[in-house]
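Colleague: Okay, here's the structure, questions in a sec.
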Amino acid sequence: MEETAQKELPKFSTLDYVVFGAVLVISLLIGLLCGFQRNTSSSPLNYVQAKGSLAPPAIMLSLLGGAISAISILGTATEAYYFGAEFLISFVGITLGMTLLYFILLPTLFTLNLVSIHEYIELRYASPVLRKLSCLSQLLNLTLLMGILLYAPSVALCTVTNLPSWALMLFLGCVCTFYTTLGGVRAVVWTDVLQVIVMVLGPITIIALCITEVGGVGQAWAIVQNGSRFTVNTDPSIFVRNSAWGTAVYGFYLTLMFFGANQAAFQRFSSMRSLQMAQRISLLTGVGWIILWSVFFFSGLAAYVVYHDCDPLASGKIRKHDMILSYLIMDRLGHLRGVAGLFVAAVCGGALSSTSSYSNSIACLIWEDFLKEITFFSRLSPTSSVTVLKMLSLLAGVVGLILGILMDGLKGHIIKIANLIVLSTSSSVFTVYLAGILNPWVNYKGAIAGLVASSCFSLWIAIGSLMQGMSPTPMLHLSTAGCSTTHGTTAALLTTYPPNVTQAPPPDSSESNTIYDISDFYLGILSLILGLLVANIISIFTGVVNPWTLRTGVLAPPCERFYKYLWLKIHGERNLYTPKEVIPNGQRAAETLL
């Protein structure tokens with residue numbers, strides 16, 4: 001048996017617990033304060049939307065908090081350390097996605113005065129069934145994401161505490177569920193503000209300390225350059241995961257998924273007083289998202305600067321890529337009291353902000369799209385309705401917590417696992433929205449077919465990849481040449497794991513690639529494109545929609561004008577059907593064609 005002189009990594013100090021605990025306690029207090037405000041429980045609309053009563057800067061930070069999770073903090077740093085700079089090219093895709101959101105999606109959806117984003121489906125396609133199908137798909141997506149978002153910080157916390165991951169998830173899940181249930185969307189927004197600030201401070205502190213340790217920015221940059229961490233692969237093959245093309249496509253796809261047809265984001269945008277304000281907030285959110293991802297990315301490079309000649313994964317000191325930042329904190333910065341607490345607070349803040357947003361959105365979707373139409377619930381008083389919403393939020397939190405504990409057994413890269421989950425349920429929903437807004441001729445039959453096709457394709461690839469076994473992604477060169485010398489604290493995470501043999505990326509061989517080897521950065525957009533193609537083809541064969549039968553405002557204006565012009569050229573007449581009168585129902589409006 002190999003004998004190695006090992007020291008146990010330092011654990012949380014009293015100051016670390018104070019810093020970490022303060023973030024959680026303040027989050028709970030915000031939930032209590034918002035819960036006792038009269039406006040919060042005055043009506044279901046105030047509980048889930050709070051239109052016009054929240055400051056725009058808070059809404060922007062809340063949007064960032066919902067999109068930036070513990071997966072972003074840990075996963076983006078891991079990408080920078082092990083795979084290089086290609087991930088920065090995703091900013092190009094983010095810019096394109098935000099442009100589409102600003103000019104097309106927000107102007108269409110905001111002016112309809114919706115509460116649930118899936119109300120648009122019924123307005124556009126006159127199909128309650130399609131509305132419920134898309135809602136169920138998004139509910140599945142949000143619930144699964146809650147589980148993975150609770151799991152991610154347990155990776156960081158287990159490194160610095162003696163608690164098992166299930167206990168850590170239980171603790172975080174209870175805190176999140178408590179303040180979300182009690183305070184509604186107001187509590188979610190204001191806790192997001194706190195947590196986003198902490199999410200920025202944690203990685204910035206890591207970057208500054210690591211650069212100082214190696215002798216300054218110049219020395220750090222030289223190490224990064226020598227390690228080829230800023231080289232960019234421009235291979236256009238869809239089988240190459242880490243390429244500029246793949247990450248750009250991935251950035252575009254993520255932007256649409258998080259902000260284009262996402263109930264959590266839509267609740268924030270719809271709380272603005274005007275469309276112009278919502279559009280300005282979307283621009284600021286896009287800029288903020290790029291800045292935050294850059295900070296997380298450079299925290300990964302900072303870790304590489306420290307471990308460039310003694311990689312913890314290759315030397316067997318950690319068992320997963322995603323543990324690199326948490327190991328760095330305790331191995332090299334653990335002697336600095338409060339730093340570990342700030343880092344863990346940042347990671348947990350990412351988990352809490354996203355999870356609370358999704359929990360509140362799940363409650364809103366179930367109420368608006370299912371329960372509100374039932375006679376018993378429609379007769380409830382506003383106060384009783386809010387009580388039901390609180391129970392739904394509580395239930396969502398419990399289910400997400402259970403899923404997080406179950407996911408603890410999953411192996412693999414956090415971003416890959418999360419991407420497969422998002423892919424399996426998100427593309428189908430956005431297929432329906434994008435077809436409805438940009439393709440005026442698509443009917444409800446085509447939309448249902450597109451949703452099913454997109455879902456089946458993405459689930460087929462996701463399940464097939466998991467059953468086949470997610471093949472390891474080739475990493476950039478890792479060195480253990482400096483491990484023979486004293487390198488900070490030479491201890492492992494209580495146990496030294498078998499060394500991981502890693503090599504530089506091998507040449508791509510297209511002959512050995514199968515459909516399951518398509519880069520996960522491309523799968524989401526491919527699923528979306530397939531769904532749109534199927535929706536258009538089925539609509540053409542089953543009878544395209546007459547543009548004059550559609551409710552005003554459900555189409556992107558340029559697409560509506562073009563289609564009406566085309567219709568007149570082909571048919572020479574305007575009306576084949578006459579829509580019934582649109583009858584408002586609270587914030588909703590439903591339209592049925594004769």
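We number each residue from 1, going along the chain as drawn.
In case you wondered, yes, glycine gets a Cβ from its N, Cα and C as well.
TrEMBL lists 17-36, 57-75, 87-112, 133-154, 166-189, 196-224, 244-262, 283-307, 340-367, 413-435, 447-467, 521-545 (among others) with the feature transmembrane segment.
Explain the structural surroundings of these features, please.
Modeller: When Cβ-Cβ distances below 8 Å are used as the criterion, the transmembrane segment (17-36) is approached by residues 175, 178-180, 182-184, 186-187, 190-191, 194-195, 198, 338, 341-342, 344-345, 348-349, 352 of the same chain, each at least six residues removed from its ends.
Counting only same-chain residues 6+ beyond the ends of the transmembrane segment (57-75), those with a CB under 8 A from a CB of the stretch are 148-149, 152-153, 155-156, 188-190, 192-193, 195-197, 199, 202-203, 258-259, 264-265, 268-269, 271-272, 281, 284-285, 288-289, 292-293, 296, 299, 322, 325-326, 346-351, 353-354, 357-358, 413-415, 418.
The list of residues near the transmembrane segment (87-112) in space but at least 6 beyond its ends in sequence, with Cβ under 8 angstroms from a Cβ of it, reads 76, 79-80, 119-120, 123, 232, 244, 247-256, 259-261, 266, 269-270, 272, 275, 278-279, 282-283, 285-286, 289-290, 293-294, 297, 433, 437-438, 553-557, 589.
Only residues 6 or more beyond the boundaries of the transmembrane segment (133-154), in the same chain, are considered here, and those with a CB under 8 A from a CB of the stretch are 69-71, 74-75, 116, 118, 121, 165-166, 168-169, 172-173, 261-264, 322, 344, 347-348, 350-351, 354-355, 358-359, 361-362, 365-366, 369-370, 396-397, 399-404, 406-408, 410, 414, 417-418, 421-422, 424-426, 428-429, 432, 448, 451, 455.
Through the fold, the transmembrane segment (196-224) approaches residues 23, 61-62, 64-65, 68, 73, 77, 230, 292, 295-296, 298-299, 301-306, 308, 325, 328-329, 332-333, 336, 339, 342-343, 345-347, 349-350, 353 of its own chain, all at least 6 residues removed from its boundaries and within a Cβ separation under 8 Å.
When Cβ-Cβ distances below 8 Å are used as the criterion, the transmembrane segment (283-307) is approached by residues 60-61, 63-64, 67-68, 72-73, 76-81, 87-88, 90-91, 94-95, 98, 102, 196, 199-200, 203-204, 206-207, 210-211, 213-214, 220, 223-224, 227, 229, 255, 259, 324-325, 328, 332, 488 of the same chain, each at least six residues removed from its ends.
Packing against the transmembrane segment (340-367) from elsewhere in the chain are residues 10, 12-13, 15-20, 22-24, 27, 44, 48-49, 62, 65-74, 115-116, 118, 135, 138-139, 142-143, 145-146, 149-150, 152-153, 156-157, 160, 172-173, 175-177, 179-181, 184-185, 187-188, 191-192, 194-196, 198-203, 205-206, 262-264, 267, 325-326, 329-330, 333-334, 377, 385, 388-390, 392-393, 396-397, 400: each is 6 or more residues past its ends and has a CB under 8 Å from a CB in it.
Tertiary proximity for the transmembrane segment (447-467) is limited to same-chain residues at least six positions away from its ends with a CB under 8 Å from its CB atoms, namely 121, 125, 127, 129-130, 133-134, 137, 420-421, 423-425, 427-429, 431-432, 435-436, 515-516, 518, 520, 523-524, 526-528, 530-536, 538-539.
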Colleague: Which sequence-distant residues neighbour the transmembrane segment (521-545)? Criterion: at least 6 residues beyond either end, Cβ under 8 Å.
Modeller: 238, 241, 246-247, 249-250, 252-254, 257, 419, 422-423, 426-428, 430-432, 434-435, 439-443, 445-447, 449-451, 453-454, 457-458, 461-462
